[in-house]
Amino acid sequence: MNKMIKKLIILTIGTLILTFGFFFFIMPFNLTIGGISGIAISLNAFFPQIPTGIFVMIMDTILYIIAFIILGKSFGVLSIYCSFIFGGSTTLLEILLPNFKPLTDDILINLIFGIIISAIGMALVINQGASTGGTDIIAMIIRKYLSIDVGKCMLVADFFVVLLGMYTFGTKSGMYAMLGICINSIVIDKAIAGLNTRVNMMITSDRYKEINTYIIDQISRGSTIFKAVGGFSDNEKFVINTIVSRGEYIKIKNYVKSIDPKAFVCISYVSEVLGEGFTYDPVDNPELEILPGGMS
């Protein structure tokens, strides 16, 4: 599948998940939990004849101009696409379900479900290098220059949106919204970390050559082989180090078990990997081939 098509599919799914959480759980209680959507909810209270989704698209346009300049054209284009999906789907739901009632009257339950669902959608979008529009653009600009987690940046930016909501809908609504943005920042960071998690494998085996060949030829990952000495036996050993996805880890583990039940395998989870095969594609250079997952 073309990588851009795959990216657009993920962005569409993420944005629709965000819309679902926002429309069915957040909007019915006027919870301004930050972002342009929070400002749009407040504006809709003053101008009810204009759909919330329209306000979202108008205000996002301004931020996208900034995104084009500071974060690059690809970010801006993808973010405009997400904004169109979010604003358009929200407006469509407002037209189709003008008198929608909350699924439950418990504001706290709606807040928790709305935040978790929306944050998962936002994490999918941000992980593809785009934005759903709003203060997450500001957050990504701050992250670019200060290397601060996206969730923490959004927490600061959204605080001011909550103040507007508190002024518009009252103290109680504002306090719930403030609780919401705190939960939102945590869930987004955890979700992004989960999407990028990789498995670091350390394999000690007498049949390391076969295992290494399997990793390179069948899994299409790279590896690094170390010489080591057994602390108890004082015998020379060879250790294979490779970083793979969770699915690839299962395949390698099963293969190692099948050919060397006595092999020693140690794994650890890595929250982020930078390099070929993970953050950029392999280079087509026959003179210098660096395999993903380790040194060539």
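Counting starts with 1 at the first residue shown.
Glycine residues also receive a Cβ, built from the backbone N, Cα and C atoms like all the rest.
Heads up, TrEMBL stuff is auto-annotated, nobody curated it.
Per TrEMBL, transmembrane segment is recorded for 7-27, 62-87, 107-126, 146-169, 175-193. If you look up TrEMBL, you'll see 221-275 marked as domain 'DUF2179'.
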Composition by DSSP (helix, strand, coil) of residues within the domain 'DUF2179' (221-275): 14 helix, 22 strand, 19 coil
Average pLDDT across the domain 'DUF2179' (221-275), rounded to a whole number: 91
